[in-house]
Each structure stands twice: as structure tokens, then as C-alpha cells.
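Undergrad: Sharing a structure, written as C-alpha cells. Questions coming.
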Amino acid sequence: MEDIVIVGRHAVKEAIVSGHTINKIWIQEGIRKQQINDILQNAKEQKLIVQTVPKSKLDNLANAPHQGVAALIAPYEYADFDQFIQSQKDKEGLSTVVILDGLEDPHNLGSILRTADASGVDGVIIPKRRSVALTQTVAKASTGAIQHVPVMRVTNLAKTIDELKEHGYWVAGAEADNATDYRDMAADMPLAIVIGSEGQGMSRLVKDKCDFYIKIPMVGHVNSLNASVAASLMMYEVYRKRHQVGDNA
């Protein structure tokens, strides 16, 4: 796999701090050093290559706003599913994973990773086919959360769900019909939340594997939410049910 370019101050900073392999950092000419002091300091401590370049070079490297900073890094590695399951056996508290069935928008995946990190979700599972991969755009949208949330890429989602069930997980599918209000769902057990694709929802095989279905009430004129918005509401509902007000653990 080829190295990839990431852009933006948050994404680059988190890549450095997390220990990701970084081959080069580009800084825009004329940028105020105090705006990127943390990046420069961390890069110096790790003896990383830093080059000052014209804005035009960063514009050519990036397909998104770059804030005057970019980096060439090693490809993102996917977490191993079996190792992840083992790690969850040793953790305190109840495990939560999010399964994305056919999500193809990189901005949605990045946003979901950002909320997953913020709400304490333990991991995200995506299929190898019909799904966006971990790309520069995903990294930018996640504002660095891509470095902290394990993402597992599996061949067969239905089989993976069976394995999750064997390890005690209950599987909740986001579904509009014949579903429980997400505010009434149980969260006192290891939980896997399935979010379907933006256009088609969950595939039939995956849908049939769910233990129960949850929905978000819609009282306006539109009948659906963006996948990342729906996922965020559900992730934080799990957090709300498991933590008292003032408990930031």
C-alpha cells in the first residue's frame, strides 16, 4: 500500500502524538508559527522531517482545506478482530462497537469515528466490499480520531455478527420499521449498533442477524437522517444510559 497524505492541524498533530509512522511534514510558507507550535515541537522531539513549502504545493496535495499543514504518512492499519475481542474481555465496563454496513461516504465515516472517540465507543467494524476505506478524507473528517478508534475490516459482516454474539454482544440494527425508539433500548450488556448505508440501509443478511431494531423519531418533513448523525445519536444514548451526569469516565 502506498503512503497517504493527511491535511489539517488536528489530523497531523494526532498522527504525531499517536506514534503513527510519518515520513515528512509540510508547513506552508508564511504561516504564523504560534498556530502550529505543538506540531513543530512534537516533530522536533521525534526528529521528523519538516519542510516549508509554498501554499500552491499544499493546495495540489490536498483535496480539502489544509490549514497550512500536511504530512506524508504510512497507510492506516486496520485492527485485528480477534485481538480486539480479546482486549474487550480485559476492559472495565461494557463494550460497545459500531458496525457500518455499506457506508461509502468518507466524510460520514470520519464523523462517526470522531463521535465514537468522544463517546467512548470501543471499535468500528466495516466490510471489505461496498465500504469506504481509511483514507485521507476520512482522516481529515475525523479530526484525528482515526488514530484512537480501532477500525476492523472484515470479509463477512454476517459471520462477524455471529462471532460477536458468541462473545456476549447483543446486536441492535438502526431500522425505521417495526423498531423500538432508540431512547428505550437496553444498554446494560455488550452492544453492537448496526448502521446501514446512506441509500439502502442494512443488507438483508445483516438485518436478519440483529437481535432487535431501534429507530430515531422523525416528526418533521424529512424521513431520514444522515448516517453519521443517526450513529452519533445512538452512540451518545448508550453513553447516557451507562453514565450518570458528571461521570466522564
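Backbone N, Cα and C define each Cβ position, glycine as well.
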Undergrad: Return the residue out of Leu164, Leu225 that Swiss-Prot annotates for the same S-adenosyl-L-methionine site as Gly196, Ile216.
TA: Leu225
Undergrad: Under DSSP, is Leu225 (S-adenosyl-L-methionine binding site) part of a helix or a strand, or is it coil?
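TA: Assignment for Leu225 (S-adenosyl-L-methionine binding site) reads coil.
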Undergrad: Tally every other Cβ atom lying within 10 Å of the Cβ atom of Leu225 (S-adenosyl-L-methionine binding site).
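TA: There are 14 of them.
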